[in-house]
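What follows is a structure written as structure tokens; I'll ask about it next.
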């Protein structure tokens, strides 16, 4: 019986190793795609960040800068964090065997979700501010600002559009990290209900 169990464990170990090797071999193309997708947001985030950082305008109506609006400051910070994270994870993803451990795959999965929502929130709140700047709000007699600061609004719009492109890339990255996690590793084992389990009953 012990020999049979040992043989069964050995067989499982060999088959598990073969499955891992096959998965790693088949993941070469996926790793290259993921690395490129992680590098792409670096340049886009920096472009959106720089455009917004330099976004200010002075004219006869007054002066305005991105720093006057908390939504645009948040956009700058979110893009900066995203650029740094994208570069770091691109380097890690390019390494062979980078997807071989469960903690690393789980880390990528969780952080990709967080970054996606972080950048999405930055783009969404900035879009709301831009809408009010272009359209105004008649209910509170708030006139549009873009008629007076057109150049400022155009640059802010460009930065927000680039940010939403980054969001699209991170949606794809989130799908890839989800695929790698749920196809690479088995779900948690469930205890066999047929096994006898002794339960202590107090007062019996």
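Keep in mind that glycine also has a Cβ here, set from the backbone N, Cα and C atoms.
Given the structure is predicted, the values throughout are model-derived calculations rather than measurements.
Sharing the features that TrEMBL gives for it:
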| type | residues | note |
| --- | --- | --- |
| REGION | 1-26 | region 'Disordered' |
| DOMAIN | 28-168 | domain 'Casparian strip membrane protein' |
| TRANSMEM | 35-53 | transmembrane segment |
| TRANSMEM | 74-94 | transmembrane segment |
| TRANSMEM | 114-134 | transmembrane segment |
| TRANSMEM | 155-176 | transmembrane segment |
Please give the sequence-distant neighbours of the transmembrane segment (35-53): residues at least 6 beyond its ends with Cβ less than 8 Å from one of its Cβ atoms.
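Result: 66, 72, 75-76, 79-80, 82-83, 86-87, 89-90, 93-94, 155-156, 158-160, 162-163, 165-166, 169-170, 172-173, 176.
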Can you tell me which parts of the same chain pack against the transmembrane segment (114-134), counting only residues 6+ beyond its ends and a CB-CB cutoff under 8 A?
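For the transmembrane segment (114-134), the far contacts come to 69, 71-72, 74-75, 77-79, 81-82, 85, 142, 144-146, 149, 153, 156-157, 159-160, 163-164, 166-167, 170-171, 173-174.
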Just give the helix, strand and coil counts over the domain 'Casparian strip membrane protein' (28-168), going by DSSP.
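Secondary-structure breakdown of the domain 'Casparian strip membrane protein' (28-168): 110 helix, 10 strand, 21 coil.
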